[in-house]
């Protein structure tokens, strides 16, 4: 087991990364009150809920659970309210803990609920997908979607502790493992060329689910994100680098409808568009763009999206939160392994980069 | 005009208190982005909305408004969502400001919406009732109700600036002015015997709407609250003193149904119950209890509530947020002008204090 600390002053917290973690023992020091609400979904429930209820009972906790339907399309205000219903029906107080057991959607919703319930209670994360282990478990971004935009309503809420257990990845569909690898590759592309080389050595074993290599990939990804988040918790500056591929990706997700493409799949194609635009601006070579595409393809990820009318694509991009004072900012690659945030780019080049990675033969 | 600063480090903000304030000039330095969403209700809209829209236009802002139905019963997740709808339909970004123009309900909802929209945008408060001027404009507590409890979902969100304009109180129904005076009296009872004497000298003029005296009462109330909030923003300790009368009052409000009694009316009777219990514990004299009742009666406030079955009253009290680890904590009076938080009280004495201030002849 490896331990990583996210350094956020008095909200510093550990991430435990390994296989078959000793849940009960690891959670014990981080559960403050007596009451714990486990929020999960109906896919994870039959697999792991009982294990965590037992671990909490072993810690002498008063436990309740709230099971939501699985899927990004339920990440809305209506289903958020079901968590509040469960907390109030259980009679839970200000010193309770909300434990998120599931992927990114569950983490986002349970985290946001914990930020709002009684104006803030404790939060613990047990991410059960690779994507949530490397992404939402670090940084404290929580929230829900709105019909007019993704993650438009939310809060910054840091957990007390995160348990990233590789054994939970065994039950993950291959498509979701690949979606998680998209975020892993993102960390390499935006800030760590060594890590990109490491991924190029091990991608097939990662896709096959090698737990030791996955744990190493999770550790390096979280360490990278933790360093950025510690220096810029509220995304005033450097943290926006983590959005490499996201402005393009959000447009793809929004147009196709949440959940049709997985978040990681949209980000993969979004990163290719960002790399392509970086090349059009003369920052990276076409060989660099190919290297991006290759590592994504080896991770079984899409590098082109279905045909989307350009004006719709642009409209969805402008709904993205990376618009400041009405001005679109993009995360692009200064070089491979070094991203920058910029609002100085040629709009026509951006449109070409989008169109170059649409595939009219793809159907949703 | 008087200016009071709430000292919260880098979230320090001013409250401007006076009559016929120069809105445009005062707001200008505190509006960060270009976009301002004015949230108000259908009672305030015809009275003051245009004035503020003009003041914002004079500052060259892009302005939109969201008008909610007036009343505590609309302080729910469904109406909160209308604010998000308005913000997204207007295409507002992370650097926008939400301006609350109205009483406590509008302040709570607009403030909570500003805390959650895009994980937090700017917030400005223009409280138009006495209650909101002395209470919700200081401290940053925002939120909505849930069918199972009041203010159960919310956030701490500090405004950039607060404008408390006494001229807006001219349109306030007398019953609402009195409800605001209940909170003013609360500050005197919990921590400022001099202020109680001042109120005893001026109560009839305050009830009659004397602007200069009201401004002084608002200034002293806000100064008192600001001092407490600055030392305990997240209500870990001293801030809970501000809940004098609130645990009893919340039970009355919850039982009668939100909005049947005004918040200040419920708090008035709740303070009498707290004073009565303090006397039963031997802390204050029966003359002190009479003094509490008298100042409340002179402010046209109720000092007894309709008959409520005891077990229901207690059940609603235990839903209050002042329950820590399942243990009820009450704010009581150590002496007149000095409140304390305690969980050491005789439960039977508490029940007697509740029953002593119920009036079977009162109908709702």
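Every residue, even glycine, has its Cβ placed from backbone N, Cα and C.
Take the Zn(2+) site that TrEMBL assigns to A:183, A:263: the candidate from A:202, A:246 listed for it is A:246. Residues A:131, A:135, A:182, A:186, A:245, A:249, A:264, A:266, A:267, A:270 surround the recorded Zn(2+) site, their Cβ atoms falling within 8 Å of the Cβ centroid of A:183, A:246, A:263, which are themselves excluded. With respect to their backbone Cα atoms, residue A:246 (Zn(2+) binding site) and residue A:150 (NAD(+) binding site) stand 11 Å from each other. DSSP assigns residue A:150 (NAD(+) binding site) to a strand in the three-state reduction.
For the pair residue A:106 (NAD(+) binding site) and residue A:183 (Zn(2+) binding site), the C-alpha distance works out to 18 angstrom. Within the same chain, residues at least six positions away from residue A:74 (NAD(+) binding site) with a Cβ under 8 Å of its Cβ are A:68, A:105. According to DSSP, residue A:263 (Zn(2+) binding site) sits within a helical segment.
The Cβ of residue A:108 (NAD(+) binding site) lies under 8 Å from the Cβ of A:75, A:136, A:141, A:142, A:143, A:144, A:151, A:154, each of these being in the same chain and 6 or more residues away along the sequence.
In this view, the densest Cβ surroundings among the binding-site residues A:70, A:72, A:183 belong to A:183, judged by other Cβ atoms lying within 10 Å.
If you measure from the Cα atom of residue A:129 (NAD(+) binding site) to that of residue A:263 (Zn(2+) binding site), you get 12 Å.
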